[in-house]
Each structure stands twice: as C-alpha cells, then as structure tokens.
Amino acid sequence: MAFRAICVLVGVFICSICVRGSSQPQARVYLTFDELRETKTSEYFSLSHQQLDYRILLMDEDQDRIYVGSKDHILSLNINNISQEPLSVFWPASTIKVEECKMAGKDPTHGCGNFVRVIQTFNRTHLYVCGSGAFSPVCTYLNRGRRSEDQVFMIDSKCESGKGRCSFNPNVNTVSVMINEELFSGMYIDFMGTDAAIFRSLTKRNAVRTDQHNSKWLSEPMFVDAHVIPDGTDPNDAKVYFFFKERLTDNNRSTKQIHSMIARICPNDTGGQRSLVNKWTTFLKARLVCSVTDEDGPETHFDELEDVFLLETDNPRTTLVYGIFTTSSSVFKGSAVCVYHLSDIQTVFNGPFAHKEGPNHQLISYQGRIPYPRPGTCPGGAFTPNMRTTKDFPDDVVTFIRNHPLMYNSIYPIHRRPLIVRIGTDYKYTKIAVDRVNAADGRYHVLFLGTDRGTVQKVVVLPTNSSASGELILEELEVFKNHVPITTMKISSKKQQLYVSSNEGVSQVSLHRCHIYGTACADCCLARDPYCAWDGHSCSRFYPTGKRRSRRQDVRHGNPLTQCRGFNLKAYRNAAEIVQYGVRNNSTFLECAPKSPQASIKWLLQKDKDRRKEVKLNERIIATSQGLLIRSVQDSDQGLYHCIATENSFKQTIAKINFKVLDSEMVAVVTDKWSPWTWAGSVRALPFHPKDILGAFSHSEMQLINQYCKDTRQQQQLGEEPQKMRGDYGKLKALINSRKSRNRRNQLPES
C-alpha cells in the first residue's frame, strides 16, 4: 500500500510538471505576494478588507502624489511610499440616490455607491473629480493645495451634475482628458446605458458631442483610453484621440462583431453652423487591427482592445502606441501586444475615406471629390489659417463628415504582426506600461503587463536577426494577495516605480530587484535585465553614467563566457557531487531544477570510468522540468548522472548525482516497522549476533542502515516507547547468510 501511495504521489507530481511545462514562455523568476514583500521592493495600501474598486486615475510627479478613486473615497497617496498615511475624502452618494438606485434593481454593493471614475488636474490648486453617484453622476472641485507640504485635501465647492462627464454605471468605463480647463469625456450619457458619446463639457464655449444615435459614428462603444497628441508644430492642429472597441454589423447585417477603433477630434471644434450644430465636425475614426496570419492564409484576430500606453519621444511623430488585445472567441483564450507607429496612425487618417455602396453595403474607398478643407482638419491650424472656428467650414465639409466618419484603411502594427502572443494560458493581459531603459549595449523597451490573475509580467523586447523583435519574460510578480484582475497601472520612470490597482487595493513595485537573479556573475548576465549588471560583487542596479570597469552586462546576447571571466566562472559551472540511493524495481526521482525555466536540460550518465553518454529517454525513464523520473530502477541505471543546463549557448552542470541501486529485499527488512533494527536496546532477544547482521551488508547499504539507526535514537531522545520484539526472523536470517557467502567471495585478503 505504501508503495502504491508513493506511485500515486509521483504520478500527481509528474502531471503537475507537465501542466506547468507548456510551450508558452515562462518567467525567469516568479515571486509570490509574500516573496515579493520579503524583497522589500514593494508596498501595499488598502482602506479596508472590503473590495472598494480602486482606480489609479492621476499621477502627479511634481507634487509626489498618486490620486486614487474608489467606492465613496478619493485618496491622495505618497508617490514614494503609498503605504504611508493617505490624505482622503469620504464622498458617498446621497442616501436618497442610493435608495432610488436599489429600487431600480441595481446591485447594492457594486452599483449603488459613488464610484469615483474621473480625477483631472483643473488648475494649480484644484482637481476636478466625478463619480457615478449611485447611477446619478456627480462632479465637484477638490482643493489639494499649491504644494504637497500643505497637506490640504478637501472638497470646497458644491457638487454638480456629472451627466456628460461620467457614466451612470460604474462598470462601464469612463475616459477623459482635461485641456485648458475643458473636460473631454468618452462615456454613456443616460441611465439605461444606450446613448454613448464623446463629450466636451466644463467649458465657457458651447458643449459639443458626437452625433446622437448614429451607428456610423459610435456603435455600442466600450471606451478604453483618451490622449492629447500633437500633430505637427502648430498647437491648433493637436487632436484628442479616443481608443475604444465597438460592436459593428457585418456585411450580411445579421451579426455584430467587436472591432477595436481609434477616433479623433479637434479640441477647438465648436460644431457646425447649419448642420451638426453642437456636434463634432472633425470626428473621424479608423479600425485598429491586431492579428496573426497563419501559414495557410487566414487571420486570427485579437479583436478586443483592453488597454493602451503611449511611449513618447522628443519627436511626437516617432511616438509608439502599445496596445493590449484579447480574443472575443469563446473557443480559446488569448492575448496579444501590438505596437503601432503614431506616424502610421496619422497616415491612415490622412488617407482615403470609407464609403458603403451596393445592395450589400460593401465598404469601398470613396472615389468622389473630397471637399476643402479636408474633413478632419482643425480650424486655425497650418492648413486652415484663415478659418478661426469650425462654423466657418463650408456645408459640404460638414455633410461629408456626417456621412463618412470612417477611414477606408485599417491601422496595422509594426511588421503587421503582434509583438507578443499568448494562447492557451490560464490568464489574459489587462493592462500595460512601458519603460525605455539605457543599457551598456543599447536602449531597450521593457513592458510591464498586468493580468486578470493579479500578476505583473516584466518583459524585455530584444532585437533579432529578422525584421521582427523577440521578447523575454524576466519576472512575474504577484502584486496582490488574491488572484484579482488588475484594473489600472501607472509607471514613473523618474521614481523607478510601478503603481497597480485592483478591487482590493493599490500596490507599488520597484521596476527592478536585481539581487533575486542570483549571487554569481553568470546568473546576473544570463538574466538579461537591462536594469541590472554585475558590479564585481553582486547583481545590482545598472547606471549608464557609471565608469566602473568591472560592470558586466550583456542584454542582447546574455553570454557569461564573454562577460564573467575572472569571476569564479569555472567553479560556478560545476556542481558538487551527491549520493542518492534507489531500490531495484521501484521508482526514483533524480532532482535537477535549473534556476531559469528558459534553460534546456540534458542528462548524461557515466559508468565507472567510461565516457559520459546521454541518457536515452523512454517509457521507463522520463525527463521532466524538475528532474529525471526512473519508473522501474534496474542495476544498469547505477552510475554518475550529470544534469547539464544550456542557456544562450552557456553550459553548466546543475547537479551531479552518484546513483546507487539497492537490493529490494534488504531495504524491505531494514525498513520494516517490526524489523530487529528497531530493537537496538534488546540485543539478547536476537537469535543471532548483531555483528553477523553488520557484516552482511556493503558499505553503501550500511550508510542507509546508519541513517535508520540515527532516526531511531532521535525517537528515543524524544521519549517515545521502544517497540516490543516481534516479527519473522526467517527472511532476515536467510538474507544474512546469503550476504555472508557473497562477502566471503568478494573479500580481499588482509595485508
């Protein structure tokens, strides 16, 4: 029974190894929430044990504050240490609104509260904040003081309606930007959640919105993000870009499919004079594509945009747009990261317009005359210096925009394929942040990818020989105790910190923790983390301005042979030899766990002084990610096993195991609970002398016996009663006699 139980446990262990050892790339280092806290590179904040739906809505590096919205609370956290006592404002929905919300059948816990969804900088002293208000949106001004030292954080004005500024439903995302004390929002404007709009409010000018109930403009959108992006050198040509996904009817007009989109408008758009009054006259949109083309032709689309990050440069046209996409298919679960050049996006918006033609309303490129100024052009910009407002636009320009808001060409990622693809994993990506890092051998982009399981993956983008780029997962961190989806993520390159939120709270994580890779130069070099380098003593933070000659870093190739000469590399590559015993016809496991799952493992066997030969794998001998399983040990398995790990052409011996095979009968007798070995204090009861027993076994077998005796002595020291003399000596006596005769045959003459 004991042997059967062991077999079952080994089987479960192997199954778990097989599940973990999928074809998907794995992180070099995985840290649980508690392990991450032990590194002292993270902080955590939560108001209570309740789920309050935290959202990081604004980061102010000048005042060293992080502004967080949650259910009934507005929080101001210290950007250097979020676990310090926060400044907070309790801002619940009115009792009447909460009761009305419940009467309407809304969720009392996750709907009938004031979920803060908008926090924008209004001026030097005030923030503008909006909440769902128990399905009755409300906004107000919050005084934060001129300096962070003022410790001022309070609402000092009356609340006003948030309609057109914040969605009624807290589970429907609201996106916003503030420009010159004007709020641009993407949200749903009604209680029922049927009227979506991109809205300009909080303005001394007239309020402007998208054309109402016009599916050509917006069709059941789910807003993701919004950004102000320059377009040329003239500030009047800047655009507000809205990223969203929407349900569009296919050509058969029978089903709706989800597509990711980008829309843009001019901030100085005041609407049309006779048509599109108080509606955008510069609204255009284009489809955002993230797909993988199979070898046989068809495309697998990642249709649902989840998050966007803009990696800005000194030249706005070279800005990169990173997007997280997921599949809308119910067949498989997948995520992808696609990267776009801003210049490619702007080229599509300057390209042909889409036009529906024919009985099937097929989309084609519009071939008619394009009115002047080109639809989508901002008034007062480089191309329209004489037009002060959009009310000066000719009627044909406004009419064209109303009927042709969609661009014909779609926006494709760099190299027309995703940078990262994950299919068949137990997680999906939800959020992204990107940092640009200067290393010894170049500049690298490091991606921080939040998942729906409460982890953050740190991924470095590596150049390859082809036109595409490779990627390597450096770390995966559990930033929350429970596996809850990550809702927002902000990065501060200045502070070298990442800020992450979920339903449960907010976490702060350093962008690097170099010491976790290991204590040797080779470990540090193989990690290929652009934040880290070997300084001659440890793996530590790399500073490009440093002039220390002992700094060792090779992100591009990760080759310790060229970087770690003189740092005890030879000793590092050899492992100490250990002895392990196995029992004939039983199972055994030779453990060999490489420091990195990115290393490949090969087993070599050396018998006596013969050359090492690679272990042949079969149904009896199985290699796993954690070691070598021998399902039925044979005498031929005895020898010295070498576990060789290879990573980036660098080989090292992870384990040396001198494996010795024991006789099953001897082990059964020695380990039997009724064995005479348990009667160490009752020698007189034995029908033969103990020396006869000791002489019956080989040196290696005696090592096992000595260990058994040691365990017995420890039991006696703990005060346990010695077991009574019982058992059958016949089997033991026969074994002793056979061993005696064998030992006499093999005994060397005394010298």
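Even glycines carry a Cβ here, placed using N, Cα and C.
The record in Swiss-Prot lists a disulphide bond between Cys290 and one of Cys266, Cys338, namely Cys338. Across the domain 'Ig-like C2-type' (571-655), DSSP helix (H, G, I), strand (E, B) and coil residues number 5 helix, 43 strand, 37 coil. When the Cα atoms are compared, Asn585 (N-linked glycosylation site) and Asn268 (N-linked glycosylation site) turn out to be 82 Å apart.
Residues near Cys266 (disulfide bond) in space but far in sequence (CB under 8 A, at least 6 apart, same chain), listed by position: Ala238, Lys239, Val240, Thr282, Thr377, Cys378, Pro379, Thr390. By a simple count of nearby Cβ atoms, those within 10 Å, the most crowded of the disulfide-bonded residues Cys112, Cys130, Cys338, Cys378, Cys643 is Cys130. Annotation for Cys514 (disulfide bond): same-chain Cβ neighbours under 8 Å, separated by at least 6 residues, are Cys524, Asp529, Tyr531, Cys532, Ala533, Ser538, Cys539, Ser540, Arg541. Within 10 Å of the C-beta atom of Cys101 (disulfide bond) sit 23 other C-beta atoms, taking all shown protein chains into account. Recorded residues Asn81 (N-linked glycosylation site) and Asn123 (N-linked glycosylation site) have their alpha carbons 25 Å apart, per Cα-Cα distance.
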